[in-house]
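Undergrad: Summarising the annotation, Swiss-Prot assigns S-adenosyl-L-methionine binding site to G31, G32, H33, D51, F75, D97, Q104 and lists sequence analysis as the type of evidence.
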Amino acid sequence: MEHITVLLQEAVDGLAIRPDGIYVDGTFGRGGHSRLILQQLGPQGRLYAIDRDPQAVAVAKEWQDPRFEIISGPFSSLHEYMAERGLLGKVDGLLLDLGVSSPQLDEAERGFSFMNDGPLDMRMDPLHGESAAEWLLHADVDDIAWVLRTYGEERFANRIARAIVADRVTTPYTRTRQLAEMIARVVPNKEKHKHPATRSFQALRIHVNQELKEIEETLKASLSVLAPGGRLAVISFHSLEDRIVKQFIRQQEKGIQPPRGLPITEDQIRKTQTLHSVGKAIKPADSEVSDNVRSRSSVLRVAERLGG
């Protein structure tokens, strides 16, 4: 399936692009958001894109635009990337699209999906870290169950984990379809239009790539890289991601909440308020969902950096 960028116009509109501004696309993917940002930048504008997927980086390196630079690595290193370029506190907008791109899902060799059989890998960067198959080969049954329950909200986590550990003695799980078929056997299929393995595959992908930790670290880093008035736009694809983003923005809006009785003034509290939420959460229109079913769970949140 061709990759269709989700909430494309809405996310870029949320950045309130200035032609001479400095912007960061923290998740280049196949370049949908970056392309639209560049269209709105003037000759003095700059766009830095980040991705740890070698295939995405290869696509970006083909772009011939002096205003654009691709950075290879995890977006959680945002602070370091901008510090190296002397851009701390100077970025006018940061965009994070937390979804897995369609090429990643559709390419069987990447091991993200059970729709096509492939090696059980799931790494965003296949050159580093431990694959899903490698982890399942040695992980404790309780650890596997915790990952499935916490990151996939899987009700039958214990049952699946026990089956994995029992089977791996003679037949380790190394293929996507092999794992999906086992899950389909042990989990009741009560959700229409959703494969029983969907939640488990999400959980394993999040664990293998440390996705939630990456998001938390990047959101914290946004405070040091954004200029006063700079925008943060984040597209989430499931409740775990969106909860982190929503709570982060809410916490930064409130600032410190001292225990009652401490002699802290309203002005002192105001100085710790770093973000202001811009509008309400945005979901894709029905027309977008009908054109791209993978957009149905997406949510966009936008916030503005205070200060100045």
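For all residues, glycine too, the Cβ spot is worked out from N, Cα and C.
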Undergrad: Would you please pick out, from the binding-site residues D51, D97, the one with the fewest other Cβ atoms within 10 Å of its Cβ?
TA: D97
Undergrad: For a quick check of packing: other C-beta atoms within 10 Å of the C-beta of H33 (S-adenosyl-L-methionine binding site), how many?
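TA: H33 (S-adenosyl-L-methionine binding site): 29 neighbouring Cβ atoms within 10 Å.
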Undergrad: If you count CB neighbours within 10 Å, which one among the binding-site residues G31, G32 has the smallest count?
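TA: Comparing Cβ neighbours within 10 Å for the binding-site residues G31, G32, G32 has the fewest.
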Undergrad: Can you give me the same-chain residues 6 or more apart in sequence from F75 (S-adenosyl-L-methionine binding site) with a CB-CB distance under 8 Å?
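TA: The list for F75 (S-adenosyl-L-methionine binding site) reads G26, T27, I50, D51, R52, L96, E214, T218, given in order along the sequence.
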